[in-house]
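Chemist: Pasting a structure here, questions to come.
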Amino acid sequence: MTSGTPDQGLRANLARLEAQQLYRRRRIQEAPQGPHGMVDGRPVLSFCSNDYLGLAAHPKVVAALQSGADHWGVGSGAAHLVNGHSAAHHRLEEALAELTGRPRALLFSTGYMANLGVITALAGRGDTVFEDRLNHASLLDAALLSRARLKRYPHADAAGLARMLAEGSAQLIATDGVFSMDGDLAPLPALAATSREAGAWLLVDDAHGLGVLGRGGRGSPDHFGLGLDEVPILMGTLGKAFGTFGAFVAGSEALIETLIQSARSYIYTTATPPALAAATLEAIAIAEREDWRREHLSALITRFREGATQLGLALTASPTPIQPLLAGSAARALAWSQALERAGILVTAIRPPTVPSGTARLRITFSAAHSQADVDQLLDALSRLPALDA
Ligand code: PMP
């Protein structure tokens, strides 16, 4: 308990965060998303965006947003179930269903809201939801909001999950497809088999796999050759590889209709701007047809991993554009991030509570908009970091 006024209490908490090197500060970006940005008036080479395919500032996507605004105006005006559901939203849902090979898809305003909506619609008091312990915060928060019992299984451990399931029933199992802070893939074939055996829903949050993995960017289930039967609920976001904003859930007709009837974060919120849907349609078409973006990204990841190994850096098992460098303490992650920034390179330090205590890290992300020379510049700066091997 902190004594004094409520505001003094807040200030004391903030001072404690600062002392523990856990205080988070926003950086003001002064240029469009892309590797070459401007922060605090200085040019930087950035490795922290989720714009994996380099579409956020693609001229055709920008033009689609502009002509979408000319046609639709800016705001959607209402929730989808009132009169905010435009023909552009509808076409986007159809395109997302087709891309993911699912009968239907439903747009949500954000990935956070999609996860809240789907889990609270399908699980409730008396149910049990099982989640990977490193799942994204929105999946964990959704289970808490649902009032179901939340059980967290060891990271990427389907056998561990099966052992926990032997002690009771499960309504829903949820996992990131690609783990957002580690970049590794969930063992989807084993999780699919386990959830089927348990008679539970399997929800895969593919925020970081969609657009990047699978045929034409269909995501991590497709990467493993899994379809609707194995992964009945696929959640994807639009603000990462597709470079725009928003999210969706794809699945069966009955699932989507159920979400429309009962997902509160779908029903009680304003639909995203229709022009955004028009821009996303363009981004999806580019992402699907331009395989070279995924191929180039993959070559950049290989180049980075080879170079980092030569430097003796400790890499994780990630095959994706998310390549974390573990620092351990928050202070060290912050010192590394600051040293890189002095060299003109922007990489965010990720600290608790976003990651478990003692696993603070640099979260390096690559984009198809990076060049091989950009990767070399990063490696050169990393080679000069203080006490990397300590
Ligand atoms: N799931 C995962 C795995 C994420 O990384 C994120 C975004 N960081 C979200 C969900 C939330 O998506 P949105 O940003 O669209 O709310």
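Residue positions begin at 1 at the first shown residue.
Backbone N, Cα and C atoms are what each Cβ position is placed from, and that goes for glycine too.
Heads up, here are the entries from TrEMBL:
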- R24, H136, T354: substrate binding site (BINDING)
- G111, Y112, S180, H208, T237: pyridoxal 5'-phosphate binding site (BINDING)
- 43-382: domain 'Aminotransferase class I/classII large' (DOMAIN)
- K240: N6-(pyridoxal phosphate)lysine (MOD_RES)
Chemist: Using the alpha carbons only, what distance in Å do you get between H136 (substrate binding site) and S180 (pyridoxal 5'-phosphate binding site) once rounded?
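Modeler: About 7 Å separate the Cα atoms of these two residues.
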Chemist: Between all pairs in G111, Y112, S180, H208, T237 (listed as pyridoxal 5'-phosphate binders), what's the biggest Cα distance, rounded to the nearest Å?
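Modeler: Comparing all Cα pairs, the maximum is 14 Å.
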Chemist: Could you tell me which of these recorded positions, R24, H136, H208, K240, has the fewest other Cβ atoms within 10 Å of its Cβ?
Modeler: R24
Chemist: Need the DSSP three-state call for T237 (pyridoxal 5'-phosphate binding site) to compare against my parser.
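Modeler: Once the DSSP labels are grouped into three classes, T237 (pyridoxal 5'-phosphate binding site) ends up as strand.
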Chemist: Taking the Cβ of Y112 (pyridoxal 5'-phosphate binding site) as the centre, count every other Cβ atom within 10 Å, in any protein chain shown.
Modeler: 19
Chemist: Using C-alpha atoms only, work out the spacing between H208 (pyridoxal 5'-phosphate binding site) and R24 (substrate binding site) and round it to an integer in Å.
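Modeler: That separation, Cα to Cα, works out to 23 Å.
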Chemist: Based on Cα distances to T354 (substrate binding site), point out the closest of the recorded positions G111, Y112, S180, K240.
Modeler: S180
Chemist: What's the CA to CA span in angstrom from Y112 (pyridoxal 5'-phosphate binding site) over to K240 (N6-(pyridoxal phosphate)lysine)?
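Modeler: Between the alpha carbons of Y112 (pyridoxal 5'-phosphate binding site) and K240 (N6-(pyridoxal phosphate)lysine) there are 13 Å.
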Chemist: Please go through the recorded positions R24, K240, T354 one by one and keep those whose C-beta falls under 6 A from any atom of ligand 1; give the result in sequence order.
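Modeler: The recorded positions passing the 6 Å Cβ test: none.
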Chemist: I need the CA-to-CA distance for G111 (pyridoxal 5'-phosphate binding site) versus K240 (N6-(pyridoxal phosphate)lysine), whole Å please.
Modeler: 10
Chemist: Whole number in angstrom, please: the longest C-alpha to C-alpha distance across R24, H136, T354 for substrate.
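Modeler: Maximum Cα-Cα distance: 18 Å.
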Chemist: Do any residues at least six apart in sequence from S180 (pyridoxal 5'-phosphate binding site), in the same chain, have a Cβ closer than 8 Å to its Cβ, and if so which, in order?
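Modeler: Result: H136, A207, H208, I322.
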Chemist: How would DSSP class R24 (substrate binding site) in three states?
Modeler: coil
